[in-house]
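Asks: Per Swiss-Prot, the features are:
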| type | residues | note |
| --- | --- | --- |
| BINDING | GLU33, ARG34, GLY35, ARG36, MET37, LEU38, GLY39, GLY40, VAL41, CYS42 | FAD binding site |
Amino acid sequence: MREYDIVVIGSGPGGQKAAIASAKLGKSVAIVERGRMLGGVCVNTGTIPSKTLREAVLYLTGMNQRELYGASYRVKDRITPADLLARTQHVIGKEVDVVRNQLMRNRVDLIVGHGRFIDPHTILVEDQARREKTTVTGDYIIIATGTRPARPSGVEFDEERVLDSDGILDLKSLPSSMVVVGAGVIGIEYASMFAALGTKVTVVEKRDNMLDFCDPEVVEALKFHLRDLAVTFRFGEEVTAVDVGSAGTVTTLASGKQIPAETVMYSAGRQGQTDHLDLHNAGLEVQGRGRIFVDDRFQTKVDHIYAVGDVIGFPALAATSMEQGRLAAYHAFGEPTDGITELQPIGIYSIPEVSYVGATEVELTKSSIPYEVGVARYRELARGQIAGDSYGMLKLLVSTEDLKLLGVHIFGTSATEMVHIGQAVMGCGGSVEYLVDAVFNYPTFSEAYKNAALDVMNKMRALNQFRR
């Protein structure tokens, strides 16, 4: 039996950062991970491969250059899965090496196999490939096992015609048509990628809209752009059956509509990977969809056991998981922290990108907080013309009482990079006046901040003149 100060189950973003943070504090650390999943879902089947796939799609289709060279422009006429996955596998390999090297450098013991609780302090790790069993104990334990795609009962997934977001990375050929069930972040990201590749995509969503946590104006802009790529939306519809035949699939909706397509991809949420952990032996149980409940310090109801990352639910982002892992380790060992910041940017890697930080107009209106809006259009930026992005936009929400920046919403090229400027200003309690006075490199997309800041200040100046 091996004894450690802390044992981390799962090597994704949350688990990795928890392990390294603990090691930096001088603690003995073990991390448990399944055989070929070092780096977790993030590196192997989630964030890294999907975002790399997106980059490959943008490059090979020439999507970003069509504004300049015409709608028919492509870097390669016939794009195959091999073209797309070559880049993906290369990046995954590099990321796995990075994770392994970081663990080795910080003297974190990597124990390969499936871990499950024997008692609240003891984990049995079974490596079925090597037929080995290892028992480890930890004064503290952090669960960071992540999630897997949820699969509705009654739907047969054959990994060829009917698949989920994991299986989509193993397609043998690019489908000419596809039904995407679910208009959440993952569904919309993949819908936009395949639409860019020329696949005829239909998105089916049982709610009346999509991405309802985002700014409505930004969502409408994204929907318009996706429709321009021939994406069809079926909102307020529910799938009742998926029939598979030699020619493809037929998706039947509750309304009676039938949609023929070569492939169906389900993006119906995520399921916590907790069913193999034997949590009852640790005095724990799960909530809906296999999630583990924690407090604001990421402690479970068993004080020495923490949980971080997707397995605890919203926001289920790699970036927030990393911070949760670090903070959980710090709390376990009595290291002072300020807690997790409320300013957490959201990034959606659709084509085009969407990103925001802070409040939305809906939230401010519900809270009766007076604000003004400043907007900058990419088509008015020299960088937008150079890059061929005439559709992008940046929106600032500014308090009319003290000029503080309340929210930043971006749609278009580099949105997920650009959002951090607004995040930094908000985090420092800065006002829109800082952006008015700031000097930005020219030509850049970052200039949009100054343009939007000037726009909102001009609106407020006009209002003040009207009051006189």
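Quick reminder: no glycine exception, Cβ is built from N, Cα and C everywhere.
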Asks: List every residue in the same chain as MET37 (FAD binding site), at least 6 positions away in sequence, whose Cβ is under 8 Å from its Cβ.
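Replies: For MET37 (FAD binding site), the qualifying residues are SER11, ASN44.
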Asks: Using the structure shown, find which entry in GLY35, GLY39 (the binding-site residues) has the sparsest Cβ neighbourhood within 10 Å.
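Replies: Among the binding-site residues GLY35, GLY39, the lowest count of other Cβ atoms within 10 Å belongs to GLY35.
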Asks: Could you check what DSSP calls GLY35 (FAD binding site) once collapsed to helix, strand or coil?
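Replies: DSSP assigns GLY35 (FAD binding site) to coil.
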Asks: Within its own chain, what residues at least 6 apart in sequence put their Cβ under 8 Å from the Cβ of GLU33 (FAD binding site), listed in sequence order?
Replies: GLY10, SER11, GLY15, GLY40, LEU110, ILE111, VAL112
